[in-house]
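Enquirer: One structure, pasted below without further comment.
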Amino acid sequence: MLRAKHIGKNYSSSLSPVLSPEHKPSLLESQAIGTVATAQANFMRVIVQDVANSVTSDDDNDSSKTGVELLCVVRAVLKKIRRRVLVGDKVLVGSIDWVDRRGMIENVFHRRSEILDPPVANVDHLLVLFSLDQPKLEPFTLTRFLVEAESTRIPLTLALNKTELISEEELETWKIRLRGWNYEPLFCSVGTKDGLDDIAFVLRDQTSVIVGPSGVGKSSLINVLRSNHGGGVVEDENWFEPMLGNKWFDDQRVGEVSSRSGRGKHTTRNVSLLPVSEGGYLADTPGFNQPSLLKVTKHSLAHCFPEIRNMIESEKCGFRDCLHIGEPGCVVKGDWERYPYYLQLLDEIRIREEFQLRTFGTKREDDVRYKVGDMGVKHAEPRLMPKKHRRESRKKTKQTMISELDEFEDEDSDLYIENDPIVQAIENENKRQ
């Protein structure tokens, strides 16, 4: 009984709130702290960064454990409380088999940043990459990606690839147009290697995510930045011990733009965090055509447009919750290029919020609940869905069984009476009379 109680306490303590980045838990020999490098299906590849003191007491053991790549699964209780593990997360790994390089993710450290499209954690910088042609640059699609990037509050850089496919006049037109959007884009060409120095300087010593539609050259840019442009990965920088078949030191697969649709083909299937020779990491992400904008609300949308931010910086609107659609005292006028895009996105978000309000209401419960245990110590446990994880009470189960047995006995007795020859003879005699 005491052993079961002790196990229960350990189970609850492991469900404590997300670990603080400054906090270093005491590690066992079968535990380690690492970073999630890639996620595919139900498996995570984690790069070990810190191990227990008993393991690192020997220099040989230290070098053999730090930098090892582990193939991990996520603890089931984390899935129950919807504590999602993302690429880029700093995690606590337990139950490690150092021979087979396998383990289980037990907890997640607090994230300093997070993005949804694509799902990556602890991002320092966003590189929004589009192509000027093949596929052709569409202003509304570009606006949608920029709004999604602005909503994360993470520093971003806009880069336009494939400059060799358009004329100088078109290039100058896009420069002037994007400056009107309050952006200073970087122009580059992966094919001719033009403009890559500026991009490499911006991405240096940071964890950066490259986002954009399929076919704009994200994987090609990563291949150039990791190999040809940077001169290759130096031998001393190979402190990782990757597994066979991973993507850490291989070129990313690239594909051609479809000649029929004019759009790119999906060659990258999952998010991967890749080291760069000049320092930092790059996240290669699957291309998608439309960001979801799930974290953008009707009130936060305006702050995702630099034009509106500049208008309301010096003079405020008459109402705090102004949506800038012609309200009295609104300082935002409709004489700027992307105002129709703002109205279109605002209508989309308002329809989504009204649907969510009708469907889910306003009450939302946390995925974790806390109970006060011995000595007033709080323990966390998952808040499970009542109809999915809760079992029925024994009293209700017994009542259901009794009622089912009664119905069965009634049916059985009726069947027995119908087949009884004496009863049938009496019924026939009554019919003759």
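Residue numbers in this text run from 1 along the chain shown.
Placement of Cβ uses the backbone N, Cα and C atoms for every residue, glycine included.
Here Swiss-Prot flags GLY212, PRO213, SER214, GLY215, VAL216, GLY217, LYS218, SER219, SER220 as GTP binding site, drawing on sequence analysis. Here Swiss-Prot flags CYS317, CYS322, HIS324, CYS330 as Zn(2+) binding site, drawing on sequence analysis. Summarising the annotation, Swiss-Prot assigns domain 'CP-type G' to 113-291 and lists sequence analysis as the type of evidence. Annotation comment: Swiss-Prot describes 1-20 as region 'Disordered'.
Can you tell me where each of these features sits in the structure?
Expert: Residues within less than 8 Å, Cβ to Cβ, of CYS317 (Zn(2+) binding site) and separated from it by at least 6 positions along the same chain comprise HIS324, GLU327, GLY329, CYS330, VAL331, VAL332.
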Enquirer: Three-state secondary structure of VAL216 (GTP binding site) from DSSP?
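Expert: It is coil.
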Enquirer: For the domain 'CP-type G' (113-291), what's the model's average pLDDT?
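Expert: Here the predicted model's pLDDT, averaged over the domain 'CP-type G' (113-291), is 79.
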Enquirer: Measure from the CA atom of CYS322 (Zn(2+) binding site) to the CA atom of SER220 (GTP binding site) and give the result in Å, rounded to a whole number.
Expert: 43
Enquirer: May I ask which residues of the same chain, at least 6 positions away in sequence, place their Cβ under 8 angstroms from the Cβ of CYS322 (Zn(2+) binding site)?
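Expert: The answer is GLY329, CYS330, VAL332.
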Enquirer: Tally every other Cβ atom lying within 10 Å of the Cβ atom of SER220 (GTP binding site).
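Expert: That number is 18.
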Enquirer: Out of LYS218, HIS324, which of the binding-site residues is least crowded by other Cβ atoms within 10 Å?
Expert: HIS324
